[in-house]
Amino acid sequence: MRRQCRIWWPKQLSLTEPSSCSFLFGWFVSCAPNSFDLVVAFACDEAALCCCQSSLKEILSETNGSMSVYLQDKSMFSLLGQCAAYPSGNDQLLKIKTEDDDQRKSCNHGTACARNRQGSSRERNEQWSCGCHKVNGSLEKHRRTAAESNHWIQMICDSDGIYGRNINWIPTLHHIHWNGKIVSQCDVHVLIYDAPRYGTHHFSIRSWNSSKQVRPLLKKPKWVTELQQKQPLNDLDAVILATNSATASKIIFERRLDSKRFCSKLSLICRYSSRLWCITTMFSSALSNGLCCGFRLIALVCQLLAVSMASLSTVLYILLQFLHSLLSFGSQRWVYTILARVFKTAWINIQIRCCQILYWPVFLQNNDFRSQSCVEYAEKAALHKHSMWSSLAVDVLLGNLIGSTMLVHAESVCLCVMNFANDSTNELRSGCVWLMGVPAGFKLNTELAEVLGMISLNAIQIWSTIWIIVGSLCIYLVKGLAILGILFGITVPAALVIDMIAISTLHISTLHWMISLVYSQQIQALAALWRLFRGRKWNPLRQRLDSYDYTVKQHIVGSLAFTPLLLLLPTTSVFYIFFTMNNLSIILACILIEVTISLIHATPYIDILLWLVRRRRFPSGIWFEINSCHSKSIHSPNGVCLEKIISKNSLQEDNPSGRSNVLVSILHSNFLSIGEIVLPHYRKVFSGVSRSYFGRSAYGILTGKRIASTLGTKLPSTMPWMSIPYKDYWCLCRKSILACMPECNCHVCEYVIH
């Protein structure tokens, strides 16, 4: 079976002219014996590595230690090999100098290349007999060690074809030292990818609904079990993670390399001349002062902003701590218990808002340094970090808009509320009077209708009298809601409105509960009497109907009770339907406000904003655009690739003629739509709603049982109350704000000065 090699090549390396010889850094991922993935992160020329060849192993180890743990378990960041430019003129830099019979045997003996390099190999045009370019110093030792023990790849630049927009050349595989063997004949798939950068784009093979739990089948088919037991050809998760870590590895490597290079140059200068050292120190000091001047100005502005925001947050923190101490002092009193039950919805939302205000500096701090090694992890960490304060900011913004409007038009709002309350009360009175007569031509029981109607009218009259007294305070309630919305956001006054609706419609709820109790008892009695006539009896232990022999007296008593209950049922039903409709309208209004509050909390505002600005930050799967497909001869006279278009099936066949099949493609990403971003959050909101809610509600309405007044949507979880010293909280807020601002590090300049 021919070997398969996938080379993940960063597009940035192909945008410029190739250098004569550059070293490749990245990851070697092997999942199957005859297949491997080579993820190239970046390239570095020999001149940049000459001053720190002795510490290259240490730099690679430090860079690998900064990567994610999953990637470290799958592969180690290392020096992969070399990529040399095409020779010019008669220079045969990369031509293989072995015989045909040696080529057929090169993949069967593992130590032939090692013997050629160590003993009997001949150097021609600064290369080894295997075709590897010779380097000087410890890099050659590192290359030998990698080629003998693990892997080493030698590639050349191919700039003869047209491979896409702004792509000047692509790498072509010359040969690979794989576990001590020289591999030159293999099918190569070159995948050109745009190196991910934080805030720009990244790759992901996860779909937006991949975490959705699928109902398992009772029995898996045989082919599914066989497919799961089959060894995968490549570890795509590790490869995509490596591509997302390419930019971070380059930054970390260059940072370590610059520090080593700076220290080495500094030591050479110190050894050369103390006078030259003084001159260099003065020049470096002047240069660092000029560079740090702008940094210090920016840092001063950042410090002032952080101090002002931290001071404002600390004042609010002191106010919340004072209110919490007052509530804790009276938490054992019966008044506190009653108020907590009456204003249950508002109390829950106040707790959520207080926790958000107290914990925002904790969420804003970025303590997960490991997530910075991968662009995908960094994007998810940033979205999680900014989701809470963005929700809080939008909530407060809506509260200020609506609260300011209500505060300006408080009298108009109060007048509308009073008119609506009076109209609703008049409608209730008219409905009760209408039911006491002949509603819609139905002949009801006059006595029962008068009793139910008078009870309802008296309750409505008492409540309307109380409402007149409370109506004088309506203007203050409206202004209080407006101020509460300005300070704490729109969700807190909206939750308070739910509780106030429940209190202001308490007479309707009470009348509905009383009439539904009569109606349900009447329905249950009629059902029991109907079972008596059928000779059946309900068995509560076995939850079933059993046969039962009733006596004659029981049948007579049942007949006498069944007739008046059945004749009085229309009158009770009419009143029950009337108050059920009124109660349902109140419940629907409260549920609508409840759903609005939950959606305001759950909407990912920062995700929507980033999606509108840069959609590439939300990938969902990958796809490949095939650019070219050709075969390459490894024995061509001048080392030039001979291209020809071949069929798709020919890439899967063994090629005994000495040609390697090469496929070039470009890696692209699919992106989420706005619905795919928002729907998972909204689905989580309604995950707490029972699927049988509407069925149980309909059954409760028909049988006269009580129905739930809330839908049960999920809200953000509350956290333990934070109680730390004021000074510590101020420092925490300041550090959190400074952590989110651009870093103005001048440590290099300060190091030069000192």
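Placement of Cβ uses the backbone N, Cα and C atoms for every residue, glycine included.
Those TrEMBL annotations? Automatic predictions, nothing curated.
Per TrEMBL, the feature transmembrane segment maps to 304-323 (among others). Within the chain carrying the transmembrane segment (304-323), a Cβ under 8 angstroms from the stretch's Cβ atoms is held by residues 354, 357-358, 360-361, 723, 726, 729-731, 733-734, 737-738, 741, all 6 or more beyond its ends.
If you look at the transmembrane segment (460-478), the same-chain residues 6 or more away from its ends with a CB under 8 A from one of its CBs are 406, 410-411, 413-414, 417-418, 421, 425, 428-429, 432, 500, 504, 506-507. Residues or ranges marked as transmembrane segment by TrEMBL: 460-478 (among others).
Summarising the annotation, TrEMBL assigns transmembrane segment to 485-507 (among others).
Long-range contacts of the transmembrane segment (513-533) within its own chain (CB-CB distance under 8 A, at least 6 residues past either end) are made by residues 452, 455, 545, 550, 554-555, 558, 561-562, 565-566, 568-569, 572-573, 575-576, 579-580, 703-706. The annotation transmembrane segment is assigned in TrEMBL to 513-533 (among others).
Only residues 6 or more beyond the boundaries of the transmembrane segment (554-579), in the same chain, are considered here, and those with a CB under 8 A from a CB of the stretch are 431-432, 435, 439, 442, 444-445, 448-449, 452-453, 456, 508, 511-512, 515-516, 518-519, 522-523, 525-526, 529-530, 532-533, 704. Annotation source TrEMBL lists transmembrane segment at 554-579 (among others).
With a cut-off of 8 Å between Cβ atoms, the residues of this chain six or more beyond the transmembrane segment (585-613) that come close are 345, 349, 352, 383, 386-387, 390-391, 393-395, 398, 490-491, 494-495, 497-498, 501-502, 505, 508-509, 672, 674, 677-678, 681-682, 684-685, 707, 709-711, 713-716. The feature transmembrane segment is assigned by TrEMBL to 585-613 (among others).
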Positions whose Cβ lies under 8 angstroms from the transmembrane segment (485-507), at least six residues beyond its ends: 342-346, 348-350, 352-353, 392, 395-396, 398-400, 402-404, 406-407, 421, 459-460, 462-463, 467, 477, 586, 589-590, 593-594, 596-597, 600-601, 709
